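Undergrad: I have a structure I would like to understand better, so I am pasting it below and will then ask my questions one at a time.
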């Protein structure tokens with residue numbers, strides 16, 4: 001019996017690998033077969049996938065439910081827009097700027113709550129306040145953010161004779177960045193560091209007895225999550241050419257939470273795939289029945305929290321265990 | 001030198017009354033939230049949706065019956081029943097899991113809000129006040145409906161305050177909040193206490209939604225902004241502290257009413273948010289929160 005299940009597991013993880021290869025090939029050949037419109041949608045879907053991963057690092061691995069992933073997403077978007085529109089320097093400088101600003105803000109916001117161990121419920125409320133604060137700030141700090149008009153319009157530059165402003169070239173840039181970050185983060189979280197985070201989430205006191213500085217580990221994961229969100233935002237702004245307050249909105253944060261929970265918190269792959277699928281569904285359902293998407297999403301979400309709190313990916317893993 | 005006063009006394013009275021009426025609406029939202037949070041430990045995100053639902057149902061019933069008060073009562077009853085059903089079917093399973101509880105209420109909030117915008121559209125609606133016009137108070141003409149809101153707010157505060165401190169039910173709520181197991185052993189039906197508190201909080205949200213209709217616009221998202229502000233109020237006032245939610249609501253109402261003289265309104269809001277964040281960090285139990293109520 002156990003031999004059979006072991007065989008089954010090996011078979012599944014084998015076909016799993018093939019699934020990933022198939023997915024990778026599909027992603028690479030997509031521009032050749034898909035319409036330009038769909039390539040554009042898929043570009044944004046991949047970026048949202050990265051955003052969902054960033055929340056999963058905080059929520060699924062570290063147990064910190066943040067209601068402000070959109071705030072860091074917006075920081076990334078505004079960094080790039082600021083660099084191009086207001087300062088007129090290279091587009092690519094926006095990315096390191098996004099990382100630095102997001103890291104500094106993340107430490108400033110996260111250090112107090114994590115050091116003082118305010119508990120998960122208070123952390124939720126703390127990030128709620130921070131998220132609304134950041135969103136409001138984009139409207140008032142007009143000299144910095146352009147107020148409700150946002151910062152725009154611009155398009156990504158040319159490189160090596162290729163105009164990255166085009167849908168297909170930018171798609172490949174996105175695939176490259178999301179792929180590299182995704183694989184890098186996956187490797188990091190599969191390493192001992194990921195186990196430390198999982199263990200800390202499950203029994204923090206015990207990890208402290210074992211000599212781990214759990215506050216530091218949580219803060220590092222929190223900053224990592226924020227920086228990933230910011231990079232997603234920096235990539236995203238290239239697809240629309242405008243950094244607007246809506247990128248920092250609570251609605252976006254809410255959607256990210258839904259993707260993450262539906263995909264399965266702490267599974268890394270689940271949130272990524274869920275964000276891609278749900279964004280594509282949103283795009284097509286949004287054309288036929290605009291209000292429908294959020295209703296369907298909400299019902300789906302409540303169903304998941306209630307019946308399948310570990311999400312799709314978590315359920316699959318449990319079944320295989 | 002010519003000294004003109006910054007504010008005339010009439011203006012001061014008007015601003016203060018504005019602060020009270022806005023603060024009372026905030027109090028109605030925040031008190032329900034704080035009772036639910038303090039007793040159950042649930043971050044109840046459906047609260048904002050209940051405010052909006054209260055507003056829209058009042059609007060619909062006014063169209064049918066023509067009477068504001070009848071409609072308000074009917075809306076409160078319907079929203080309370082809805083809250084009861086939610087609590088009994090879904091939410092009570094999730095009390096042990098604060099994160100899942102928050103996520104579930106967040107999803108329900110989304111569904112209700114989207115259904116409202118699906119049914120009524122996104123444009124704002126408004127209600128006509130049952131007593132239109134203004135009356136003379138301390139030498140200024142002030143809208144009657146806002147005065148009514150102030151009166152209802154104080155009455156609700158008094159009644160619920162008395163229930164919490166003077167009745168058997170209040171005792172049971174306190175006991176359940178402090179030590180649910182011990183309360184259970186001593187014969188408190190904690191399940192009933194949870195349900196009652198949740199429904200009471202929901203009814204207060206619906207009352208706020210209906211009452212606020214004549215002075216602001218009714219939109220599907222109206223509850224969310226009140227709820228976010230109310231969360232900050234209960235943080236500063238102390239989670240689970242009814243008295244705290246009352247005092248801090250009035251303070252926030254007054255700060256917003258007078259604050260824009262010095263700062264732009266958004267900055268006033270930002271200041272309140274920063275204050276709330278500082279409170280979470282350094283005084284998570286707020287001014288009035290008792291450590292036992294919720295850890």
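A Cβ is built for glycine as well, from the same backbone N, Cα and C atoms used for every other residue.
Feature table excerpt (TrEMBL):
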| type | residues | note |
| --- | --- | --- |
| TRANSMEM | A:18-39 | transmembrane segment |
| TRANSMEM | A:46-79 | transmembrane segment |
| TRANSMEM | A:91-114 | transmembrane segment |
| TRANSMEM | A:121-141 | transmembrane segment |
| TRANSMEM | A:169-189 | transmembrane segment |
| TRANSMEM | A:219-244 | transmembrane segment |
| TRANSMEM | A:256-281 | transmembrane segment |
| TRANSMEM | A:293-316 | transmembrane segment |
Undergrad: Look over the recorded stretches A:18-39, A:91-114, A:219-244, A:293-316 and say which has the most C-beta pairs under 8 A to the transmembrane segment (A:46-79).
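TA: Per the Cβ count, the answer is A:219-244.
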Undergrad: Are there residues at least six beyond either end of the transmembrane segment (A:18-39) with Cβ under 8 Å to its Cβ atoms? List them, or say none.
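TA: Cβ under 8 Å, 6 or more out: 46, 167-168, 171-172, 175.
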Undergrad: Do any residues of this chain, six or more beyond the ends of the transmembrane segment (A:256-281), have a C-beta under 8 angstroms from a C-beta of it, and if so which?
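TA: Cβ under 8 Å, 6 or more out: 41-42, 44-46, 48-53, 55-56, 59-61, 65, 67, 69-70, 182, 185-186, 189, 198, 293, 297, 300-301, 304-305, 309-315, 317.
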